[in-house]
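Going by Swiss-Prot, these are the annotated features:
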type     : residues                                               : note
ACT_SITE : LYS202                                                 : active site
BINDING  : HIS137                                                 : Mg(2+) 1 binding site
BINDING  : ASP179                                                 : Mg(2+) 2 binding site
BINDING  : ARG204, ASP228, ASP232, THR233, ALA234, GLY235, THR236 : D-ribose 5-phosphate binding site
Amino acid sequence: MLNNEYKNSSMKIFSLKGNEPLAQEVADHVGIELGKCSVKRFSDGEIQINIEESIRGCDVFIVQPTSYPVNLHLMELLIMIDACKRASAANINIVVPYYGYARQDRKARSREPITAKLVANLIETAGANRMIALDLHAPQIQGFFDIPIDHLMGVPILAQHFENDPDINPEECVVVSPDHGGVTRARKLADILKTPIAIIDKRRPKPNVAEVMNIVGDIEGRTAIIIDDIIDTAGTITLAAQALKDKGAKEVYACCTHPVLSGPAKERIENSAIKQLIVTNSIQLEENRKPNNTKELSVAGLIAKAIIRVYERESVSVLFD
């Protein structure tokens with residue numbers, strides 16, 4: 001717990017159904033109780049939200065990742081924003097540890113939508129004044145919004161784990177990006193750990209032929225740490241782990257901020273060359289979706305510090321610069 005000075009302040013932290021344990025942990029760090037609200041569903045699936053205390057003139061923070069089920073959690077968030085606006089909240093800040101639809105951030109083919117932008121429009125139209133986000137899949141999503149975005153980074157939390165793990169010697173490690181798009185993220189982790197980086201270059205020679213993984217960098221005899229922002233079905237990450245082992249990596253660890261872990265992910269990871277999977281609790285991970293070799297780190301402290309700085313009108317950049 002950081003302090004108790006906000007117990008009787010105008011700060012209110014609310015949780016919806018997306019990740020209640022994380023929201024409770026954030027409130028505990030800040031030193032206040034979660035705001036009282038109820039989230040119910042009618043028999044036809046419609047959502048009903050009732051704020052059970054006055055928030056007039058308050059700075060409201062709504063903690064809600066738009067993770068699985070994405071559409072349900074997104075609608076909960078939009079309805080809660082509207083409820084806060086109609087209840088005369090002074091500022092409506094949304095805390096979105098995982099931003100669903102972020103992977104639809106551009107038109108990959110003709111006649112496709114840019115759903116990440118649509119979601120931004122919906123959030124703004126509903127009435128949010130600010131968003132605190134964590135490791136957006138594409139940083140340029142910040143530009144989809146006209147409201148302020150505080151973009152927090154999960155890399156320092158992951159790095160701290162590897163620095164403190166007695167089984168890992170950073171001097172013998174190499175940080176691996178599973179694709180070209182993740183090089184910046186891998187470089188940040190490598191800079192903290194003071195290790196070299198490697199990149200996996202995936203190429204498909206022709207249609208219906210398996211991808212060939214070429215590894216750019218020296219990994220032989222080293223402990224490889226694969227880092228990504230999202231692990232979904234775990235196909236790419238497990239193939240990458242095997243390719244690293246085949247090329248002489250001593251051990252392979254994998255880490256990510258957002259453990260979506262859908263479909264066959266659990267089985268794939270447990271049966272892969274990955275020694276341990278390190279994730280954060282940005283998404284509430286049910287036990288039946290969590291691989292046995294998973295280590296979960298908390299982002300609650302980071303989010304709590306961001307909330308306090310926003311409430312105090314202080315710079316948030318010190319948390320990620």
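Using N, Cα and C of the backbone, Cβ positions are placed for all residues, glycine too.
A quick note: this is a predicted structure, and the numbers were derived from the prediction, not measured.
Closest by Cα distance to ASP232 (D-ribose 5-phosphate binding site), from the recorded positions HIS137, ASP179, LYS202, is HIS137.
For the pair ALA234 (D-ribose 5-phosphate binding site) and the residue listed as 'Mg(2+) 1 binding site', the C-alpha distance works out to 16 angstrom. A sphere of 10 angstroms centred on the C-beta of ALA234 (D-ribose 5-phosphate binding site) encloses 28 other C-beta atoms.
Fewest Cβ neighbours within 10 Å among the binding-site residues ASP179, ASP228, ASP232: this applies to ASP179.
Neighbour counts of Cβ atoms within 10 Å were compared across the binding-site residues THR233, THR236; the minimum falls on THR233. Counting only residues at least six positions away in the same chain, the Cβ atoms of TYR99, ALA102, ARG103, ASP105, ASP229, ILE230 sit under 8 Å from the Cβ of HIS137 (Mg(2+) 1 binding site). Around GLY235 (D-ribose 5-phosphate binding site), the same-chain residues at least 6 positions away in sequence with a Cβ under 8 Å from its Cβ are ARG268. The residue listed as 'Mg(2+) 2 binding site' has its Cα within 10 Å of the Cα of these recorded positions: LYS202, ASP228, THR236, taken from LYS202, ASP228, THR233, THR236.
In three-state terms derived from DSSP, the residue listed as 'Mg(2+) 2 binding site' belongs to neither a helical nor a strand segment and is classed as coil.
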